[in-house]
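> According to TrEMBL, the record shows the following:
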TRANSMEM  A:6-29  transmembrane segment
TRANSMEM  A:36-57  transmembrane segment
TRANSMEM  A:63-85  transmembrane segment
TRANSMEM  A:97-117  transmembrane segment
TRANSMEM  A:137-161  transmembrane segment
TRANSMEM  A:193-213  transmembrane segment
TRANSMEM  A:219-236  transmembrane segment
TRANSMEM  A:243-262  transmembrane segment
TRANSMEM  A:268-287  transmembrane segment
């Protein structure tokens, strides 16, 4: 394999890796605020792709408006998921939460199927134009959009959590909910916001990737698994590790396509997840604290 | 009293196909029985031993493919193929169970879902063996001697009879000391260990049993409709099985039975709404879990309890 091919795989790996990282961050946001793993996380990504496709393709909205509206609308869905389902069983067991978010997932997926049918939807890349050639590698413009937006959003989230008052309040909840509550932080509000943010992140991931891969009503769960894998690979509960995990997963998938038919690539990523969790449940980057965390989950 | 009730139920079972007349309802009952075998397996694993699995459709698929391919490629009689269909997924589950079942909660859910997805990929991608997306066609019906179970009516007796047998055996299992060990493991693994239960062995064994039951269900399904393809064995199937169990009631075998019947009949009852049953199904789960964690069985129990108490109250008033 020469340098051009290597670059090609690196870029396609980073592109999907950025998507997984965004989904993984979405998991982390909600998990940090509530200890809930939202099994409907992938449906936010699917909704993002489908809503944007409809707004652009059928309603002929300008792209920026369609994208912003999509992200806002899915954010609202996130709030509804919290309000209508998850917050009702906040004190429930882990299994109750798994079931209820699976129920939400099935509902959203069915609604999408009834609304747009089983066929894949898509819209044109953000900017038209022929693919770039960089050192012999062919790079789709949309891939650059994915990587670039992903990087900007992740950096923005980092700033949000370290600099803004709201972000720091959310972080305080993540570290110790009771202490945060005693400090006068409105924990309920933080939880709601984390659902909205998480859904919006998912929608953004869906919007970014749809021009490259299409959007279908049933793609959500696989994406959720990959996003979870991204978070778990790095070690749960830390945003930075979701990014590392996501990119690693993307690169592994891209590399797997070299040695086996592309149909297997989902399996390769999941096999890596299973092996890592079985060998080291705290994730590759996790220390002892996370290990305890995993066992308690 | 109880013996006459059993006799009455037996009679109802025998004459039911004649009363129904329509083959489509009979066919649904066959599917309900097949689902029941699977949901009972899941009930043992999740409801009694406390281990979640989102990968049952993978084992269901292994059973279906093993029995179908043995029959179509090697001419193995389906009655024998079903045994292989039970053993193959059980063996796989036994192999992967020990490492996987060390994980808990969310992690176990995701890892079993991943296992199911990988198995689905195998069904799709191992085209030379499984036929890829087009699947396996021309699967012969189950036959014993010269009698073939090739009508809804004969399959009704076979599958419901088998489902009742499984229900009975599962009942025996959960009432035994092994069943108590399962429940102890569910409540607290530390406690289970402290009384000498080999927790990881128990979890692995129950996982293998549930996978084996899914495998049998897969074989029954394949030989009944004569055609299989990967789209039957998706993560959706696994999720629906689990949600069905939750709707019926996790804590009892009856809950599993009710869930299996609902899972089969709900899409039919709601067929005017096309695929909307997913919305009803999801909503049912959310509503049930918020009011009664033990599903329909829990609600029925609670109603019976209040009713009984009210009766007692009246009795008390009268005695006063």
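Glycine residues also receive a Cβ, built from the backbone N, Cα and C atoms like all the rest.
Predicted automatically and left uncurated, TrEMBL annotations should be read as such.
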> Are the transmembrane segment (A:193-213) and the transmembrane segment (A:36-57) close enough to be called in contact, which here means at least 3 C-beta pairs under 8 A that are separated by 6 or more residues?
yes
> What parts of the chain pack near the transmembrane segment (A:97-117), using Cβ distances under 8 Å and only residues at least 6 beyond its ends?
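Residues 36-40, 42-43, 46-47, 50, 54, 77, 81, 85-86, 88-89, 217-218, 220-221, 224 contact the transmembrane segment (A:97-117) from elsewhere in the chain.
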> Would you confirm whether the transmembrane segment (A:137-161) and the transmembrane segment (A:36-57) meet the contact rule of 3 or more C-beta pairs below 8 angstroms, pairs 6 or more apart in sequence?
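These two segments do not touch.
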> Does the structure show the transmembrane segment (A:219-236) and the transmembrane segment (A:63-85) touching, where I'm treating 3 or more Cβ pairs under 8 angstroms (sequence separation 6 or more) as a contact?
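They do not touch: fewer than three Cβ pairs between the two stretches lie under 8 Å.
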> Could you name the stretch, out of A:6-29, A:36-57, A:63-85, with the greatest number of CB pairs under 8 A to the transmembrane segment (A:243-262)?
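Most Cβ pairs under 8 Å with the transmembrane segment (A:243-262) come from A:6-29.
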> Please report, as numbers and ranges, the same-chain residues at least 6 past the borders of the transmembrane segment (A:36-57) whose CB is under 8 Å from any CB of it.
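Answer is 19, 23, 26-27, 30, 63, 65-67, 69-71, 73-74, 77-78, 81, 86, 97-98, 101-102, 104-105, 108-109, 112, 115-116, 121-124, 195, 198-199, 201-207, 209-210, 214-225, 227-228, 297.
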